[in-house]
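Trainee: Below you will find the structure I want to go over with you.
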Amino acid sequence: MLFYFSVYRYDTRRFYDESTQPGNVGLCGNRTAIRPKRFQTALDGLLLNLTIATPRIKDLFAASSSNIARSNKSVYAIAQCAPTLAPNGCKECLQMAYSNIMNCLPFVDGRALDTGCFMRYSSTPFFSKNKTTIIEPFLVQGKTSYNYLLNKSLAHKGVIIGGVLGSVGLLSVVFLAIIIWCRRLKKKNTKKGVYNFAFGKLHFLTLRTFVNVFGLFRSAQYIDDLNRINMSVKFTIIYHMIFNVPGYLYGQSDRLQDPLKYRYRDLKKATKNFSDDYKLGEGGFGEVYKGEVKTGNTIAVKKLLVSSANAEFQSEVRVLSNVHHRNLIRLLGCCSEGPELLLVLEYMENGSLEKFLYGERKGILNWKQRYEVICGTAKGLAYLHEQYHVTIIHRDINPRNILLDKDFQPKIADFGLARLLPEEQTHISTRVAGTFGYTAPEYAIHGQVSEKSDTYSFGIVVLEIISGKKCTDVLDLSHPDQYLLEYAWSVYENQVPLNLIDEAVDRSECTERDVMKIIEIALMCTQSVVSERPKMSEVLMLLNDRSGDHKPPNRLPFNVSYLNVHVDDPSYVASSTSNAVASLTELTGR
């Protein structure tokens, strides 16, 4: 039970130490930000700071605000964890809440409630000024407490100026010592990459530290106005930053969390020895089984088509296990001790979208549910492309890889899995027929891929969702070569959108304008000119936009000259022609 500032929960089991559980989502308002990008920038920084600071505060509660650039408005947010949680559990819960609540953008109000924490933001103040928390001291890595900093107060503002100058001098000495150490490292180690890595980290640290010093020194001008903390807080923070140089140098604050390691015998027992009765399906990456663990939770266990784990495998699994988003299947853990490699995944009660479109459960989804599947899938792809710390290109978006939970909310599956398999085990020849209709032409023909390749596949899936037809179906018998995409263009150009709607959908649930809007967005995503296709973040804005003020799609036949792809363009990944139709995923640093 959730109220504005209180949460009530009861259960038949002990849950005080639980931080998160699958299926939790954000609750969003319905007002859209006037300037979404500026609002998102301010909100993202504010929520990240609250996620870092709140677990380090004694009461596990923080309330703060942030100014929106080039405006006189602010965004307000709070974060709170259950007092029974440890700091690490609080941090884990808030990270999940952050991922869920950011899905509310571009709306100006959002909340996220998980088992052990609560987060909320709004464009209007919803807490009094005397409840505001000064979170800056808690954003510094280390164990220094806020109360300790306050007790070490300095008397005059001039002292902090001298402290800053002295700290900068000490900082220079420390950096000089590190530079000397790096040069010795270069002489001892013949691998130039090791030296370049250490020296590169040093350059990053230098810039990062001086930017923080400047920002903290400048903020000292209005600390008195806040009347909340003493000037000594900033001096102590700077001092603490300097002596955390080794931690920053080795990147300890930026490490990804390792996935949970499962025992093979436990997973074997959970799946009844991988019984056919528990088998959920089979794809190019391996077989998937339903599993029931001791805690009573249901999981999905995927047997990969590879039998040995190497360092690269462990690294990729670590990256994927840190992908947290309400519209992406969560990788819970892995097992590498048995005869095959196993991945433990979030279980989806309703299975794949495919069976709801043209399978045994065809016609169950109403218009509202179909629209939510479209929006949720777009959010998941936007996160993979633009919001995660590395860019993940899926390359195999189709209804089989979109799963539905008990509330029919979509979650994208199988992102990143191709990198876990040797190239010869991707089942290229068997996957062509299943995914060819969703593959962007520049990818299928030339193996040139970018985020826009996923955009194309998304557009095809959208047409399938609203029509209930396969992309390879012929919808007009008088034109036997006119498949779903060509038929959609005909419907769009003749302004008869309802001709494309699934017969099972109640026509009273949607208007011609609503249907035409979805068709238009799908056609924009499938344009032949790669540069004309929108980003997935732009697709989300189009889905939420009611003005209709955008460039209409352009129907042009595919031509090699439309690619505009250069070999040295880092946003494109070229593969061989045979690999172009395989379901691969590329991770590139931002």
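Glycine residues also receive a Cβ, built from the backbone N, Cα and C atoms like all the rest.
Features from TrEMBL:
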- Lys303: ATP binding site (BINDING)
- 21-126: domain 'Gnk2-homologous' (DOMAIN)
- 274-559: domain 'Protein kinase' (DOMAIN)
- 159-182: transmembrane segment (TRANSMEM)
- 194-217: transmembrane segment (TRANSMEM)
Trainee: Determine the Cβ neighbour count for the residue listed as 'ATP binding site': the number of other Cβ atoms within 10 Å of its Cβ.
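Mentor: Within a 10 Å radius of the Cβ of the residue listed as 'ATP binding site' lie 22 other Cβ atoms.
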Trainee: Return the average pLDDT for the domain 'Gnk2-homologous' (21-126) as a whole number.
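Mentor: Across the domain 'Gnk2-homologous' (21-126), the average pLDDT comes out at 89.
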Trainee: In the domain 'Gnk2-homologous' (21-126), how many residues does DSSP put in helix, strand and coil?
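Mentor: DSSP classes over the domain 'Gnk2-homologous' (21-126) add up to 39 helix, 31 strand, 36 coil.
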